[in-house]
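Please find one structure pasted underneath; my questions will follow.
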Amino acid sequence: MTSKEIYPLRSTGTMMMISDQDLKLSTQLMLRIAELLLEFDANHEQSSFDPIPILKRISELLEQATDIFIKNDPDPLDDRHPHRTHPDSALGNILKIIFKNDDFMTKLVVSYILARDNVELNIQGSRLLLACIPGLDSKVVFSEPDDFIPRLYTWAGSEGTNETLQGYAMGLLAAALENTENASKYRNENALLVPFGLRRLHELQGRSLEEQKKIGQTDFSQLHAEQSTSNGTSIPSIKITSVDGSTKENEKTFVQSTDPPPPKKRRTEPCLTSLLRTEITQRVPSFHNLRNLDDSNSKWDILQPFLIGDQQVYPLSLATYQRFILQYLAACGEYQDLLLQTFEGNALEILFDYIDLEKSKDVRLTFDALKYLTSLLVHRKFALEFVNKGGIPALLKVPKTSLASVGVVTCLYYIAYSNDVMEILCQMSDEIVDETVQYVLWCLEHSHESGMASACMFFSQGLFYKAILRRFDQYDGPRKLHNYIATLTLMQNNEDVELTEEQIHTSTQCTRGVCTTFRSYLTAHIFIKVENYKKLYGNNLPTGMRFPELVQGDCPDYKSMKPYEEVCWQCEAIVTEMLRFTGSSFREAENLRKLGMVRMFLAVRVLSRDWENISPSLRTEMCVHALETLCMMFCLPSIQTELITQHSYNHSNYDGFTILLQTSLGRYDEDPSLRMAALGCIQRCVYVEPECWKAIIQRVKSSEEKSSSASKRQSKYEIIMNHLERMWTEVRKTDGIMALVNLINCKIPLTEADSIRKTATNTLTGLARHPEVRQILAKLPLIAHNGLQNLMREPVCSDKRDIHAAFCKEAVQLLQVIYGRKIHDQQGKEIQSSEKSHRQWVIENTQVSFNQAELLQLIHDHLLKSKLDSVAAMLKSEAKLPDRPASRSINTPILNKPLPSSGNNFSKINDTYPTLAPRTLESEIGGISARRPSNAASLSSPAMATRSHSTDDDVFATPTLPRRYTTSGAFPKKLMISPARQKLRPLTPGESSSGYRPIKDLNSIVTDYFRNQHSTCKNPVTTCPPFSLFYQHKCPELSYQTNVVRNISLRTLDQELLRPHERVYSQWTNERTIFSRFRNWKTIHDHDESYTKATFSVDDEHLIVGLFNGEVHWINVDTGLDEGHTNCHGSALTNIEPSKDGSMMLTSSAFSRPLSALWRLGEALQRVHTYREDSCVKFANTTMQRIVGTCRDKATVYDTETNHVLDTYLSGIDGLQYEKNYASFSPDDKLIFNDGLLWDVRKKNSAIHVFDRLSKITLFGTFHPHGTQIVINSEVYDIRTFRMLHHVPELNRCQVSFNSTGNIMYATEVTDVHCPDYDEKIFSSFRTFETRDYSALTTFEGRRPVIDLCASHQDQKMCVIEKVRPQMSDYMIQASTQLKIVEIGRLKDNEDENDEEEDEQREDHDEDEDSDESGDGDDDEEIGGNSSDRESVFRTLGRLGDESDSGSSVDDNDTLDDLDFENAQNRIIRRQAQRRRQRLNSSENDAELPGSDEGSDEDGDDDEDGEGDPDFDMGAAIDDLVDAVDEEVDEDELGTDGDDDDSGSWRTTNSIDSEDINLDDLDEEEARVVENEGNNERPARPVDPIEAAAAARRAILGRGLRDLRMGIRGGNRRRNGGGLEQAEMLNARAEEQRVSFMEALVRGAEAERREEEGGDDGESSSSSSSDTDEYQSEEEEINSVSTTALNPALRRRNRRPDDEA
């Protein structure tokens, strides 16, 4: 045997690929079985059929296959189907063939085994069923018929007369009792049969001894020349007497004549390598001649019966009979109610005989006895008796290489679970304990899979005993345990090997056992280290930590350390801090690191996700134990660096921190305990206990003070700090801040959310020790917006209030670390907000100084009031006090800190007192806080209270500052008293207080007075002028001293008169005003393809638009015409960037190669260069000579002219994997930002900074045009200091761009253009932000998802690409995007609002304004008719009318929105006039015009004047209604006739000038006629009747409009069912506008009447002019409402010529 053992990879299968000879033999057996079953199927229904011969032959074949199966040494404890464990074995395939024949199996159980009066048939049936036991399901086979199991009890008990049938019944009952339901059901039968079985074993043992005496001792030296049919052994058999008295012997078949497999194959079995050990030959005396067989080729044939064994079922041998009884007893052994029968039957004595292989002479008999012993060892009483009677030495006598060793190690595994038994074992002699550990370790390496698993589980429990643990290390146990898992095929990175479900299952069982054992191993060593620390340091650890109360003394070697598991986490923390602080080693953890266990445990976590068909509980337990073991290894700081190393798992590389963070974030199917375990590993790497942190900071400061400038060697504590900074940095690189913040905010799972939140907060506290992390956290909403305080209000789960209290404690500590000061919680009731905490800190750290003379003046005044004039006069003369307040006098001393009293020693603290230890200090703070619910005071003296930057937690202490123990100062100051005085008993009311010092002096009282006064300031500051006792203190208010007016017009006029800083403020205010106003100007959707990208040309005259098909179009901004296009790519364009001089242009596409290209602009686009793999290319900012391209995580800089690669910047493993990574130059082209990394263009080897990723979905970063900031998602960083300046949640997932000055930023959340679905729930918008403080200016609400946004270079217009609902027809789908051009700096008018509402209500985009201008005939036909026009009017106006009373007056007409009504009407009027001109220009013949108005006039009325003018046809229904209203009001309400009504001045008021008529597209001649006719008649009317007529007209008109609306709504609802709410909103607006308009007409009519009564009759032209002026004043009053459709006076003028005719 070689000195170095080779451990082949294991797939947990014990049988390799069988040879051709074995395969041929297996095939013959299966064919023979198939023939016999066919013969049975053909004859079993005949009355003369005798099943016994067929049963015998099938049984013989099965027994032969079983012997072949046994010779291959399968796992004896693996009770799975042979076909599952060994798919190529003959036994498994034969069993499958038999079980498929349901008729045969039914006959076998029902007819043959239970046959009456046919013992031979019962025997052969039971024999066959016993041979089928390895593949049977006991729940199914033994469930029916009901009398099956009772018949077996009858045969097996004392009533049975046939021994063979009795033995077979025992074997079948053993299989039946594997089902616990049967065991409980037949409890009484078992109580009778167990004693009988034990007595039967005594009898059979005696018979076996007699048979052995007859045979004599076997001499192995004679076995060379012998060849027996039993493969080298003689087994005593029982003569079975049949019914006819003849003796039945075993019949030989053709199968038995085949030669056994060649021994060379068997010699390659793993157990053969250990057969050469001399210790084994010396163990068993009968094996003394084994060494003579070393050179024999037949060695395995000789040794097989003694190491593996075999069995003879028919004729039933004595050994097999005893085995069946032992198997039955093993099935009953674990039941407590049968333990009494076991003791009464003296089972222990029987077992001692059977486990001695020298006595049993059968290894399988010994193995079955060990199985019975294992079932009895679950009882503590039996286990104690077994060990006390020498059971351990008896077990160790079983040869390791034999089959029975599996049973031995299983017994030891059961013993390990009993503490009392293990204590006895550990107190045995060293030889026995040593041999036990060696025996189990040998089985761990060389046994079957079940034996290895039992050995592993023995150590998982036994390693808590120091006696076992010490020997486990001594005999190289960790390495052997590592080999146990490392040799598994499952743990290899080999995807070519496919494992079966059975192999995966058994491999995962092995992995779980190893992880559990290693966890116990390191836990025990940590407990031992804690005990050693307690011996060495007592109760005072150098780190300031305390020992758990449970760990008080040294645990003996024979006692278990398992009770320490309750304080395991505290012990781990102590060991971690001590190893970090002292720099000592952890040898056991270091050895595991050398073995590669860090990678192995991480592999368990990573690879377990791909292991299918294993239970979630098994996967969780396995991974939790692996990560908990890993966490214990991280107690040694040097091992923590292993998490930085990249490891390969299934062709993917991961570092440890990534694995742990992803696990802690968790998936929906992962257990919370697994997330907690992963989070605990991260916490171990980044967290430092507060006590240890203080000690480290003190040592660092002292070492820096002692170190000389010449000494360059780092101190031990500097190395500690460097290691911590490295860990903090690595966690940040793997998105640690984002992950921890998300875990703190998580609320699922409900039961464990509080625990996860607590651990995450503790981990974030450790990470916040890093100053950059602290600065980032201070800007995040968790801290800045009091998110953490909100979480502290109540627990997630109401049953976890104790855990929530621990979380609140951790949260307070986190706030203290971030703020750098003590945070008190007002007796735990309410944690202060960040603003209040900062305010309090300012007040506490304000240096209080006051005038000493003023204090003496107050004392002087008090003496005068107390009638002590002489004392007051003496004080005034001695102190030279002025007559006025000293603060108003000069040359008065200022007291910067309290002065000591000359008469009392207690007013000054003795600095020679020793400073309190940190723990004593905390107890002092806790006591004061408990008595006084206030927030801080100095513990040392009033002088120390003025030192502002000294806190209790030296989180941010620098090495140059001395150590100060202070608190924050809101509670009254308490003098620092020596430890001896602290023990004094408090005074009682009756005791004298002359010997005690007062708590405060006068200076402290005055200081507190001033500090309380300072706390009332609105904006307190730390640096204040001297306080005065006579005048109220007040900090200066924040003032914005500027004379800039708010009015933008006045501000523009005064621009030249402003001061420089006022001009800056004015410019800032102007930009805020301009970029907070936007107005829709034009909408374009003239192309069939979708728009994907847009940008303005250099001169802002054209819009360069990219389409989905890869075309680039040049659209004129003013006209909206497409002036040219070029096909640039084969897929959607994702980026278009023209150069600054307009000579070149870069384009990028989605997926077609080349992805990007450079174009030269001229008369046509000319492609210059292509960039095949770069998904985005951009020009440099200061020059056109360089281009940066992005290919995944690589940024490449090209030369523009030559297209040569200048530099390449690869982010690699440090990249943050942005969702859209587009590299870009900084404004000065000195920096490049790519995938979260900032590069210096002069140094491409390493990035200068890696930004933290704080959001799961992050777009590319954008440099600020000023060159000092960069915007990454919702964070704004200063690229000079890399500090986070702002956190703007509104910028999350937004694409940002800047205006020309860089002072304004646009942001919008873009939608993926490749997504074909239109989500109506997505309503996108863009916002504008001011880049000074990134406050939002305005939000331009959009009703559709935004794909892209761009702004012109002159900041006049913007272009937004919106995704609209696609319109489908029979043959095509219209464009699903549109271009919306927005004007900057202009308010949105009502027409824009109506357009948006109209677009939402209709589904057909052909009705839009730009489509109508195209002159499509279909559009003319659709909109030309009266019915369609009338429908459009009411749809636009929201269906005029209101369900409320139309006659109700409007209280405040100034609040009405007049523009909606006017613009909606004028827009329709203009469109109809435009169509009229188009029809007139297209043809001279009116009859040939398409879309005639007459054909579409639904009301049947001809157009007025017969001209077919559509300007008024659209309101025909409203005209008729208004006419009826006029007549009804005149005749009924006012009592006048119709003629007067037609010629009334209020109706024909001349308030519409020629411009308004031209606005409605009337001919000038018609307008002039209308005006002249309107001036002919002006009858006078009283004022009151006119106002009454107006009120009546409003009421009747409102009712009529409602009726008209209700009549039309039914037809419109079918087209506009989704827009009813918008229509109702417009109803109210339209009604209010109508009322206002009618009242304006009444006021105009009244003014005209009064003018005529005054006698002022001028000419028609002058009257027209004056009337026009009047109307202009009225127009201002009613907000320019000039709607023709609702102007009854104007309609009267147009109809009057027809009436007169």
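Including glycine, each Cβ sits where the backbone N, Cα and C put it.
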May I ask you to indicate which of 373-381, 1210-1218, 1237-1245, 1318-1326 is given in Swiss-Prot as motif 'DWD box 1'?
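Residues 1237-1245 are the ones Swiss-Prot records as motif 'DWD box 1'.
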May I ask you to indicate which of 163-170, 1275-1282, 1619-1626 is given in Swiss-Prot as motif 'DWD box 2'?
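It is 1275-1282 that Swiss-Prot describes as motif 'DWD box 2'.
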Report, as numbers and ranges, every residue of the chain located at least six residues beyond the repeat 'WD 2' (1128-1169) whose Cβ falls under 8 Å of a Cβ in that stretch; write 'none' if there are none.
1090, 1092-1095, 1097-1099, 1104, 1106-1112, 1175-1179, 1184, 1187, 1189, 1198, 1200, 1203, 1222, 1313-1314
When the domain 'LisH' (851-883) is classified with DSSP, how many of its residues are helical, how many are strand and how many are coil?
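Going through the domain 'LisH' (851-883) residue by residue, I get 25 helix, 1 strand, 7 coil.
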List the helix, strand and coil residue totals of the motif 'DWD box 2' (1275-1282) as derived from DSSP.
0 helix, 4 strand, 4 coil
How many of the residues that make up the repeat 'WD 1' (1086-1125) does DSSP mark as helix, as strand and as coil?
0 helix, 22 strand, 18 coil
Looking only at the repeat 'WD 1' (1086-1125), what is the mean pLDDT?
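Mean pLDDT for the repeat 'WD 1' (1086-1125): 91.
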